Amino acid sequence: MSTVNPADAVGEAKPGPEVTVEFVQAIAREAGEILRTSFYDRNKKVDTKDSPADLVTEYDRAIEDHLKKRIHNAFPTHQFLCEESSTSNDCLTDAPTWVIDPIDGTTNFVHSIPHTCVSIGFAVNKQVLIGVVYAPILEELFTAEKGKGAYLNGERIHTSGRRDPSRAVVCCGFSVSSLRKIGMPDVDPVAQAAAREIEKSVMNNVTYCVHNCRDIRHYGSTALELCYVAAGRLDAYQSLSPKEWDLAAGVLIVEEAGGCVIDFDGKPLELHVRRALAASTEELARSFVGKLTAPGL
């Protein structure tokens with residue numbers, strides 16, 4: 001059984017309970033069953049958050065509540081960083097922390113598009129040690145433990161090994177909800193100006209990939225898009241929009257599959273920085289540095 005002892009990782013004097021990959025897989029499957037049974041519900045209760053394109057359902061909340069309860073019962077001192085209950089001031093700390101997106105790809109879920117998943121990362125000292133992404137409609141369970149490889153349904157996976165951007169299929173991720181702030185009367189001018197800068201970078205980056213890569217894709221689920229890089233289905237992924245819960249599990253899975261994940265400026269990725277570049281090889285990743293733009297770079 002694979003284990004991670006968070007107490008050892010943070011240097012505590014007394015050992016704490018061990019987090020196992022099997023435990024994370026088990027709770028991901030439990031959450032996935034809630035997603036699966038509600039997927040075809042045409043009467044889902046759907047609300048919006050920051051914009052008309054930023055959706056949340058009763059099932060997002062139900063899955064997050066279920067996961068937090070299961071984890072708290074097993075590890076009562078651990079912290080959480082979750083999409084539906086965290087605030088803009090919450091951030092990843094050195095403490096053992098569960099980084100959770102209960103339904104990554106909520107819009108896909110609402111519209112019964114199968115690219116939707118549960119994403120769970122376990123981090124200590126701001127380093128993700130275990131990542132699990134479960135897509136129940138597709139029946140795919142992606143798993144990684146730091147230093148021990150990446151797996152899909154129990155079988156080892158590797159990136160495509162692609163090095164040449166002209167032969168690469170690249171996922172261009174972006175947040176429609178962020179761009180929808182432009183022109184909204186109840187959004188302050190500063191936020192609208194920031195959205196316009198993001199829009200410029202998004203259009204630049206998509207245009208660059210269209211003209212310099214084999215093809216582009218966008219599946220609407222950051223965690224799955226990263227897993228597709230890990231599995232060799234995509235060669236690269238770039239986005240200005242992801243948050244910690246979108247990235248945590250998928251980034252580890254890419255790295256453990258032999259891929260490279262960096263910031264747009266070529267530096268190691270920090271999960272709180274809202275720009276990410278993942279690729280099958282470091283050579284391919286660095287071929288985009290200086291070509292992709294982001295506000296502030």
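Here the Cβ of each residue, glycine as well, is placed from N, Cα and C on the backbone.
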Could you look at Asp246, Asp263, Asp265 and say which one TrEMBL places alongside Glu83, Asp101, Ile103, Asp104 in the Mg(2+) site?
-> Asp246
Hey, for the Mg(2+) site built from Glu83, Asp101, Ile103, Asp104, Asp246, who else sits with CB inside 8 A of the CB center?
-> Ile100, Pro102, Gly105, Thr106, Cys117, Ser119, Ser221, Thr222, Ala223, Trp245
